[in-house]
Amino acid sequence: MKLLSSLALAALAAQVSGAAISHKLDGFTLREHADASKRELLQKYVTWDKHSIFINGERLMMFSGEVHPYRLPVASLYIDVFEKIKALGFNCVSFYVDWALLEGKPGHYTAEGIFDLQPFFDAAKEAGIYLLARPGPYINAEVSGGGFPGWLQRVNGTLRTSIGDYLKSTDNYASHIAKTIAKAQITNGGPIILYQPENEYSGACCGYEDFPDGSYMQYIEDHARDAGIVVPFISNDAYAGGHNAPGTGKGAVDIYGHDGYPLGFDCANPSVWPDGNLPTNYHTLHEEQSPTTPFSVVEFQGGAFDPWGGVGFAKCAHLLNHEFERVFYKNDFSFGVTFFNLYMIFGGTNWGNLGHPGGYTSYDYGSAISESRNVTREKYSELKLLGNFAKVSPGYVVANPGNLTTSKYTKTADLTVTPLLGESSSAGSFFVIRHSNYNSQASVKYQLTLPTSAGELTIPQLGGELTLSGRDSKIHVTDYDVAGSNILYSTAEVFTWKKFDNGKVLILYGGPGEHHEFAVTGASASSVIEGSSSGITSKKIGDALVVAWDVSSKRRIIKIGDLKVFLLDRNSAYNYWVPHLPTKGKAPGYVSKKAIDSSIIVKAGYLVRSAFLSGKDLHIQADFNATTPIEIIGAPSSAKNLVINGKKTKTNVDDNGIWSASVSYSTPEIHLPSLKDLKWQSIDTLPEVKNSYDDSAWTSADQPHTLNTAHELQTPTTLFSSDYGYHTGTLLYRGHFVANGKESIFFIQTQGGSAYGHSVWVNETYVGSWEGSGSNDNYNATYTLPSLATGKKYAITVVIDNMGLDVNWVIGQEGMKNPRGIIRYNLAGHDASAISWKLTGNLGGEDYRDTVRGPLNEGGLYAERQGFHQPKPSTKNWDSSSPFTGLTKPGIRFYSASFDLDLPSGYDIPLYFNFGNSTAPPDAYRVQLFVNGYQYGKYVNNVGPQTSFPVPEGILNYHGTNWIALSLWAQQESGAKLNSFELINTTPVLTSLDKVKSVDQPKYKSRKGAY
């Protein structure tokens, strides 16, 4: 561990005075001041002041996006996501760790294979991305239990408090995960620069009054420090509440941060921006709550979740689109945010039952990078404009935010301007303009009156007016430094600038139909060296050359001394990329002034991942979804050849030194199997309803008391599944009784989370189902029973679809302890105690059998308990029948088939399994989709909305055999079948991505003790 020397440690201990906190670290005792704002640093790499974070002594704007490694279980695809984030101009990624996946059994921590975090850390380092680690223990994250393993339902104590045994239950996980993270800190050459203890520790209810509990937070922080965490602690208050900010005493973090989801989650109305939802007081609150730390928004809305029965993530992407980014993100910039993390930048998939019941399999989130990892959403391109601007604008980081005004800088109250002023008139200032009614769709003409080093100027100076279109916002700059050239002002926005061997380049852009103006101090003349001069005028005013221009879809370049100004429309700017050009090797390295200065500008299409120089060859690694013209702006003088994705490419060089080339794209031939024509084999996966079924191997539900402290029993023995170690997937119950002839009805209340369902049989007679809805997490059902023979033994079989455990966002509410299973029941003519119950879930419960795919992937269906969802199941005694034929009565059937793929190499080809439904109203049935043993889809036909399930390469074998399996659960008298089920692809992307490695896919083998 590259920590402090023993001498430095001793000196540090001697320096700290007052009430102190002790940590054991590498054999030394460290004592920290209880007040985080007065602590000495434990390392020298990551520091901060009121403006920003410093890394290795260099002040940085941290632009970050949220990625969850557990939602993409293919390690060789991590680099793809990181490179796409790096290409945005970002320099950081935040990630959660899901405790429930790593300690499925109390005391048994395992983080191997797809759950190993080291490949994630390695990919971040390779891409040059810093990391913020957020291991909880509580994470929320729309995962089952908010990241809590199901066995916490049995913990005697209040979750997320010091009450009872909760904190003790976190010890094993907390120490293991913190040690893993500690090894990957920047102090050890790793990418991790910040650590967040707990998550959104921001509110309590239900009689819990000791909030916020500094001792509770301190316990979590101590665990991290004791395990070797030396990077700064940062928080993410759910709102700007000041909880655990520096100076608040025990449990205070080093850097205070908060979240913001101001537009909400109404994806059903994607064009509606409600009045009053734009934050206006973030800076004021920051100055009140944590003025000595950089303003940090640790989660800001990058998309939205969508519930069962929702409208789908396409509409969420529309709600939180490029217009949202322009208005809301620039508004955050107006407050001087310098740690800015977007939740999510890539959402991924809730595979293997890892999601909470409020969401379905997809966790696309409407984010900039889609679930299938494509970057075709306009919001990705818009974000690239802002990310690259932030990267080349060091003056922004130290500018001082002022108060918003509708009169000081413009003459119309329809517009609001918030200034970020430099320390002096020549230090560079930024002015964020938006509609006063932020949701206005009107187009407003305006002029600006701005302070500059040349005095106060009214702009445009050469006539005309500026325009702010509806749902738009701009950042105007004054005294903006471009490698020694002073841009006195620019009304057009800056994308990037660079100083090259042959001069400087500045790229400005504007919206369609806009008029803009910029001025360059000390310049006297300009010339248009590319494109038409129509719509461009210039004039020397005072010591500056003023240039006015009308936005055009055709690029113009103006030369002013050694400065070339590229004038673009916004859509054209989307095609520009600014990859770092490392001075040695291929890896781009982390962001630094040196890395920024050595970058080149590439005009391309779909994606530019990276660039590097090898001898006289300039290499560009890029992806293409169409034939694309390429331009290199600022190629090093030592470069003589252009190599794109390993192929030397013919180039032309124009009079301005711009290299041009072209990459041809042709759609490859892709042959996908017809799933309807596969050789399907099937088996009844509900043998439990047969009179001959023997459930003697099942768990007896005979505990007279529940260990769940949040819910009282309403049954003679507990039927809460987690009391018996079953926390995931389908649950089955069998209740045995002797009939007395009075059994006219059966009442049952079950609980399984949103969109869950249940079905009930008495012996082999189907009596009914709750088909599910997006709004019910439990249901009371009363069923009429057939006449039963007095004195005969009967079994009631209840199948319950567990949709995941609830999150525990509000302390004291104990949402995670909401049980799954049977809550209460009544059989007419019998006392409740007359029924003796057995239950099962996944085979082994917490002693789960498939340690490769983890503790949540399997549920309790017979086929799952046997392992038939894995590749090459034993189908000797199965039937030859297809899910397209399905069932003719209520029940559950399991289907398995295989197919081969041999897809073209060199392409990233997104594949989807699509379910179709042509009936109205929709038939009531449920399907689980397993791909090579991984549950990669949970489809509820009558609830929705998800019908298309992307499965990444690595789970699917693109060059080999694949096994798919389906469980088809019919919840209606007529049975169910699949009307349509297809494997489809979207546009193949010609890619420079390295070959994707398939994850471990253990094949079926007979399971000892399976029943």
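The backbone N, Cα and C atoms fix where each Cβ goes, and this holds for glycine too.
Record check, Swiss-Prot: substrate site residues include N140, A141, E142, N199, Y261, Y365, and the candidate from Y96, Y109, Y329 also listed there is Y96. The disulfide partner of C267, as annotated in Swiss-Prot and taken from the candidates C206, C316, is C316. Most buried of the recorded positions A141, C205, judged by other Cβ atoms within 10 Å, is A141. In space, N140 is the closest of the recorded positions N140, N199, E200 to C316 (disulfide bond), judged by Cα positions. When Cα-Cα distances from A141 (substrate binding site) are compared across the recorded positions N156, E299, N763, the shortest belongs to E299. N199 (substrate binding site) sits 11 Å from E299 (active site, nucleophile), taking the CA atoms of both as reference points. Most Cβ neighbours within 10 Å, among the recorded positions N140, N763, N780: N140 holds that distinction in the structure as shown. Distance from the CA of N140 (substrate binding site) to the CA of C205 (disulfide bond) is 17 Å. The disulfide-bonded residues considered are C206, C267, C316; of these, C206 has the fewest other C-beta atoms within 10 angstroms of its C-beta.
The glycosylation sites recorded for this entry are N156, N403, N780, N917, and the Cα of N917 lies nearest to that of Y365 (substrate binding site). The secondary structure of C316 (disulfide bond), as reduced to three states from DSSP, is helical. Its own atom aside, the Cβ of Y261 (substrate binding site) has 18 Cβ atoms within 10 angstroms in the protein chains shown.
The recorded positions shown are Y96, E200, E299; of these, the one with its CA atom nearest the CA of N763 (N-linked glycosylation site) is Y96.
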